[in-house]
Amino acid sequence: MQVVACIKHVPDATADRRFTPERTVDRSVDGLLSELDEYAVEQALRLKDRAPAPDDVVVAVVSMGPARAVEAIRKALQMGADRGVHVIDDALAGSDALATSLVLAAAARWAAGGEVPDLVVCGMASTDAGMGVVPAMLAERLGLPQVTLASLVEVRDGEIRARRDGDHAREVIGATLPAVLSVTDQSGEARYPSFKAIVAAKKKPVDVVSLADLDVDATLVGAAASWSVVDDVAPRPPRSAGVVVRDVDGAGVDALVGFLTSNRFI
Amino acid sequence: MPEVLVLVDHLDGVVRRSTLELLTIARRLGEPSAVYASPDPLPDETVRLLGEHGARAVYVVQDETVEQFSVAPLAEALEQLVRSTTPTVVLIGSTPEGKEVAARLAVRTDSGLLTDAVGVDVVDGAAVTTHSAFGGGYEVRARVTRGTPVITVKPNTVEPVAEPAHPEVRPVTTTFSDAARSARVVARQPRERSARPELTEASVVVSGGRGTGGDFAPVEALADALGAAVGASKAAVDSGWAPHSFQVGQTGKTVSPQLYVAAGISGAIQHRAGMQTSRAIVAVNRDPDAPIFELADLGVVGDLHTVLPAVTEEIRRRER
Ligand SMILES: Cc1cc2nc3c(=O)[nH]c(=O)nc-3n(C[C@H](O)[C@H](O)[C@H](O)COP(=O)(O)OP(=O)(O)OC[C@H]3O[C@@H](n4cnc5c(N)ncnc54)[C@H](O)[C@@H]3O)c2cc1C
């Protein structure tokens, strides 16, 4: 069984995140494997752990991104993934979600030896752009069932079932593999790599592939070919911190009631 | 005037407020046409409501497929309407499902996609959108350069404004691909309706965090006194003190109310991402150095277990 997890290397949200002069996310700052993609790797690994013959389940992680994206791949290998595929190509800079999904769809096939993998797993969204649309796009592009935003996953006998907590209802979605799965941060905490796993990961293979290797036309991706354009980015003026009142002898209560009254909330 | 397609977000015919916002935005861009998909017939009141907000036409996709299979059928129904009506823009609510429908539609029509708009302007007849980036730290303006722009808009982006029209109801038939019928909805349990307003639509939200210590009663009581929705931090949700549907933040809901009250919430970047654009922010926190105070219009350094009940009591006293 071939399982491919799509993972992203993102700027650290707790550090300084910014844009380049070209209005793309600055990726030269400290980065890490997107926390939301750790959940995807975790689910892929649980599938392997629980399989009757774990060795028959190959978990590959695929990442598209600049040279440093290999850090995310390394982390996933330390968690227990078997191999990595790093799509790196100068033509990719500035790609939007449509281009990204085009490349990831090709990379997922490449990672599974040219076939559609049995399962493609994604996180619910990236933590930088945060659109949450790539999994649906991958399902569309690969022509596979879309089982997304899952908070609980079960794979058995070639069937997948997942709980999806939708806006209007809690649903159970079922499909026959192959399928595209995305998992939420409710799906189960990701494991910490053990020391032994960290050492073992150093020997795991990471294939570096270009757009040409994937047979993706380079003129279809990157900033120039994007389906949308960012005209302007500006830091939002920080909210001016207001009044802070210590609640001594009910002063805080009075201030809050006063605030609600003067702003006509009561 | 060119058409603008608006996907109606509804639960059993009850239309979300966000749809009325989309119709209001659509009128700036062209003539709004609503798209209503459901296994059940379109209720007359729904036609009336959509018409009141300017829908000139309501396309009705009455087909069980849209409820029996996840996401893909809605995208295919919209795709076929995009091909037959050649709209200038497609507007969809920025719910998780709405964004996935938009994603598939964009691929199928080879069109640009912009999600989570918090503003939509018209520049030279085309839609220019505003988005929050990096947890609200930046504002980004973008536009689609290819195909039929597909734009998802966050709730509370505009105030719905009525502009009565008499919509023509047009039933449409959609043919669904096998791929669209591959992810089955095996079971469906509608979310319990609460007497409180919908979190993303409420004009006041009172949220509790880890600082509640698991006791949400003071948060709920203040929310009820203010006619507010109840929200929660991820820490509170992960502790099992509030359902996930209450979570505000990066992996929960984005809210943009007139007033957001954060009680016992530290103000982590991921939480801010979901409430930063609130009109007014009030924080109650025991720790004077809590980052939430950096964005609060009013900060109260104190114990939420004494402050919230006292405020609730005062509001109730004034009502008497
Ligand atoms: C990928 C990712 C996504 C995330 N998504 C979200 C998200 O969607 N939403 C979200 O909220 N978080 C999210 N988080 C988690 C976030 O980083 C914080 O951990 C979380 O917001 C903390 O919740 P909290 O403020 O309730 O708890 P804490 O940070 O523990 O803060 C509790 C606060 O309560 C105060 N307090 C304690 N007792 C009292 C009292 N009696 N009275 C008054 N104040 C008191 C304390 O001073 C403290 O400031 C995400 C994290 C990651 C990595």
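Cβ coordinates come from backbone N, Cα and C, glycine included.
Database features (TrEMBL):
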DOMAIN    B:4-189  domain 'Electron transfer flavoprotein alpha/beta-subunit N-terminal'
BINDING   B:ARG210, B:247-251, B:264-271, B:ASN285  FAD binding site
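Structure with TrEMBL features highlighted.
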{"residue": "B:ARG210", "record": "FAD binding site", "Cβ within 10 Å": "17"}
{"residue": "B:VAL248", "record": "FAD binding site", "Cβ within 10 Å": "31"}
{"residue": "B:GLN250", "record": "FAD binding site", "Cβ within 10 Å": "23"}
{"residue": "B:GLY264", "record": "FAD binding site", "Cβ within 10 Å": "29"}
{"residue": "B:SER266", "record": "FAD binding site", "Cβ within 10 Å": "19"}
{"residue": "B:ALA268", "record": "FAD binding site", "Cβ within 10 Å": "19"}
{"residue": "B:GLN270", "record": "FAD binding site", "Cβ within 10 Å": "19"}
{"residue": "B:ASN285", "record": "FAD binding site", "Cβ within 10 Å": "27"}
Candidates from B:GLN250, B:GLY264, B:ALA268, B:GLN270, B:ASN285 close to chain A, where binding-site residues are judged by Cβ under 8 Å: B:GLN250, B:GLN270
Reduced DSSP assignment, B:GLY264 (FAD binding site): coil
